[in-house]
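Structure first, commentary second.
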Amino acid sequence: MATVSAEVTPEVRTIHRLTAAFIAVAIVALAIANVPALFQAFDRAGINLYPYARPVIRTYYQGLTIHGVMNVLVWTIFFLSRFFSFVTVYALGRPLASMRLGWAAFWIMLAGLVMALIPIFANTATVLYTFYPPLKASPLFYIGLTLIVVGTWLIGWNILQTWRGWRRDNPGERTPLAVFGTLATYALWTIASVGLAIEMLFLLIPWSFGIIDTVDPLLARTLFWFTGHPIVYFWLLPAYVSWYTMVPRLAGGHLFSEPMARIAFLLFVLYSIPVGLHHQFSDPGLGGGIKLVHTFMTFAVFFPSLLTYFNISASIETAARLNGGTGWIRWVRNLPWGNPAFTGQVMGMFLFVPGGIGGLTNASYNVNQAVHNTTWVVGHFHLTVGGAVTLTFMATTYWLIPYLTGRALWGRRLAVAQPIIFFVGMTIWSETMHRLGLEYMPRRTFLSQAPYAQGEWDLERILLLIGGPTMFVAGVLYFVIIIMTLVASRQPARVQVPLPRPGEEGSHERVPKLLDSWRPWLIGSAVLIAIAYLPVFTHLLRNVSSVPGFAGIW
Ligand code: HEM
Ligand SMILES: [Cu+2]
């Protein structure tokens, strides 16, 4: 396997400790989030275990806040922060523009996390990870989350400066695909996160301090979803970068088409943001016409995922055939299934297919009415972020942690089984959640205590009790493997970073200049955002309707 590690300089290696720091926080967050997950799965099945969780978790909704925040805001964001920095440094073969800024970002984010966790565990921020007003949390919660976002901007800036330095030293060369994907992600995230920043700075923080008495829930929600849908691409695109640049390597081949990969990333820059109203189809006060515009934009953002599906499948098949695979299906056997870094990512891809298709259902303006706020939605995002992204992130640590520590992965066969167990549990659990959603089981509800539970749910509830705990076990196995690798592994690791050298990746086609430039795409993105959001915000600001807020209701 061609690698870049042969030329790793001590300067490049400075990224290792920062990487380890981010990963450590991410993995601890995932471990913490795994515990309320089990309580929730039992609750969905009608069994109330919360009395046993006292005094740490006092209510269902506090547990759900811990689960949501730690999984989708902390595990993902801390993980991808290190991922993109590491990938940039390795693909460009040069250190971060500023290690100081890198560490500053880490400490700011960690401080933010601690600030947010204090009220969450004190039950004064039981507002779920979407923190919709009029639910009101302690100011620490909002400030903490804002600091995490500020950290992501600093990281993006550092990556941009690193790339600029490389550009200066390598005029006329095409940006390596991994860095191109990274820059695309930070481009869309930086634009998208402005919505959240405005919501925090002008609405929620002053309101939670009592500087302003009331807040407009609809305006806040709209600002939230301006960021809240594109944030899913912030979580997903690191997985795509890994699938495009590393998975073909791990499989023993190369990427099928690099231009097609670049088109996919650029389409995300164009279409990620003007879609947020697809989370607000049931919100009154926003016009039907503009919701339909967001529906069509959402259909458009499905397209780059189709491209990815095609490109990655073709790459994997090509790799198998290069390694002697033949036949229509038999080639599947010629893939490195014994390598957990490969198997885990493919399991994630399998989960992503039904997840993406379900997303189209959610996005359909009229069909959405049937599934809105039911467990269908929970089934959907567990396949995508909970399944595809989480499994891919876990799988990359199966090469990264041995690489960083020099210790071989402990329990390699267990590490191959782990994503498969997670896959099986998730398939049963999420399929059931989808079906229960069609039977109108509500999400975000303390269901074991709800008087309106339906008899027709009973059979599915048994399936939840099989799927949920199976996922929990796979989660525990993951921590065991990582911790044992850190403390008990004695074998030296023989791992290299599975990244291609600059200019080497893909199908050896020359990449056109248009697919290595930013300006036209960023302008296109701004135009689409204006079409999608100017009418919405003009309307909302003309019709402000504010309410006081509630704290401490759970
Ligand atoms: C052991 C594995 C897991 C189990 C059993 C599990 C279970 C659940 C359940 C039952 C709910 C629904 C609660 C409700 O709607 O009332 C839920 C919500 C949620 N889960 Fe998971 N989950 C797991 C892993 C994950 C992972 C890996 C992620 C993301 C990385 C994730 C992200 C979320 C989010 C964002 C919510 C929504 C929280 C909210 O509505 O405020 N979960 N989970
Ligand atoms: Cu969305």
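Backbone N, Cα and C atoms are what each Cβ position is placed from, and that goes for glycine too.
Please treat TrEMBL annotations as automatic predictions, because they have not gone through curation.
Quick look at what TrEMBL annotates:
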type     : residues : note
DOMAIN   : 22-551   : domain 'Cytochrome oxidase subunit I profile'
TRANSMEM : 20-42    : transmembrane segment
TRANSMEM : 72-92    : transmembrane segment
TRANSMEM : 104-128  : transmembrane segment
TRANSMEM : 140-160  : transmembrane segment
TRANSMEM : 223-243  : transmembrane segment
TRANSMEM : 263-281  : transmembrane segment
TRANSMEM : 293-312  : transmembrane segment
TRANSMEM : 340-361  : transmembrane segment
TRANSMEM : 381-401  : transmembrane segment
TRANSMEM : 413-430  : transmembrane segment
TRANSMEM : 462-487  : transmembrane segment
TRANSMEM : 520-541  : transmembrane segment
- Message: On the 0 to 100 pLDDT scale, where does the domain 'Cytochrome oxidase subunit I profile' (22-551) sit on average?
- Response: 95
- Query: What same-chain residues lie close to the transmembrane segment (462-487): Cβ under 8 Å, and 6 or more beyond its ends?
  - Reply: 27, 30-31, 34, 37-38, 40-42, 44-45, 394, 397, 401-402, 405, 407-411, 414-415, 417-419, 421-422, 424-433, 436
- Quick one: do the transmembrane segment (381-401) and the transmembrane segment (293-312) have at least 3 Cβ pairs under 8 Å, skipping pairs fewer than 6 apart in sequence? no
- Query: When you check the transmembrane segment (72-92) against the transmembrane segment (293-312), do you get at least 3 Cβ pairs under 8 Å, counting only pairs 6 or more apart in sequence?
  - Reply: no
- What else in the chain is close to the transmembrane segment (20-42), if you only count residues 6 or more beyond its ends and a Cβ gap under 8 Å? 48-50, 53, 57, 60, 63-64, 66-67, 70-71, 74-76, 78-79, 81-82, 106, 110, 113, 390, 393, 397, 400-401, 404, 429, 448, 464-465, 467-469, 471-472, 475-476, 478-479, 482
